[in-house]
Each structure stands twice: as structure tokens, then as C-alpha cells.
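Reading through the C-alpha cells given below for one structure.
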Amino acid sequence: MKLTINILFCLILISQYNSANGNLRDLFNNVRGSISSSANKIRQDVKTLFHPSDKSGNKESSNIVFVEDKDEGAVGPARDNKPVAVTPAPVVSTTTQASAPTVATNGTATGGKDDKGRENFNGGCLAGYMRTADGRCKPTF
């Protein structure tokens, strides 16, 4: 860290130093001038790219002529004017037979015994469990 600060300080002192011939100062001025000129050239290129002027000599854009097509002399692909035979689609009947509704009956009889709603339980047991006769899930060993 101290070394880089010392090097920068020395470079600043050297750049300000005027030698007898001015070679060192001319070197830095030449580098700075070339960087400045290339930056100006890039700036001009970008400016002309996004904001083109009419003085740039782009005369092709002003000489655009639109020609309308005429159907009289146009040559296109030959086409037959024969009618195409169309077959009608078959008609499908959509009538349905109505049936009398039936009364749904539960297959299990309660028989006076209180099952607490287990007669309607149709769920399965988890893996590793087995259904008992009264509808509970019991672990298998």
C-alpha cells in the first residue's frame, strides 16, 4: 500500500518536471492527445449513428419511388375454375332415452347397533396399517 502511494507520488512529480528537451512532458501530452482524439472520434461516430444529418451525403433515402402494381399485365400461376364437389356430412341423431330414477339403498343394515358413522366410511389405511372389522386402522407388526 505504501509502495503504490510512493510510486504514484513519484509519477506525479515526474510528469510535472520539465526536462531540458521536454521529452518526458511531450510523451505524456502525446498519450493524452491520442486518447482525447480517439474519444472525440468515437463520440462523433455515435452521434452520427443516432442522429444522422442530411449533410452526410445519404441521397438514397430521398430518392425512394413507390410503384403500384397493376392487374392487367400481371402474370400469375394458372388456376382452374372448376367447381369442387362437396359431400354433405352425415346427420347424427342426438336423442337419448330417459329412464326412471331408482332409489339408492345402502347395502349395510345398522340393526340397532350404534356404529357412530363408520358404516359410511370408505377410506383406506396408511401404509403399514391394516383395517379391522369395526373400521379402525391398526398397525401391522
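Even glycines carry a Cβ here, placed using N, Cα and C.
If you check Swiss-Prot, you get these features:
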{"type": "COMPBIAS", "residues": "46-58", "note": "compositional bias 'Basic and acidic residues'"}
{"type": "COMPBIAS", "residues": "83-98", "note": "compositional bias 'Low complexity'"}
{"type": "COMPBIAS", "residues": "99-108", "note": "compositional bias 'Polar residues'"}
{"type": "DISULFID", "residues": "C125-C137", "note": "disulfide bond"}
{"type": "REGION", "residues": "46-118", "note": "region 'Disordered'"}
{"type": "SIGNAL", "residues": "1-22", "note": "signal peptide"}
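Annotation for C137 (disulfide bond): same-chain Cβ neighbours under 8 Å, separated by at least 6 residues, are C125, L126, Y129, M130, R131.
Neighbour density for C125 (disulfide bond): within 10 A of its CB lie 14 other CB atoms from the protein chains shown.
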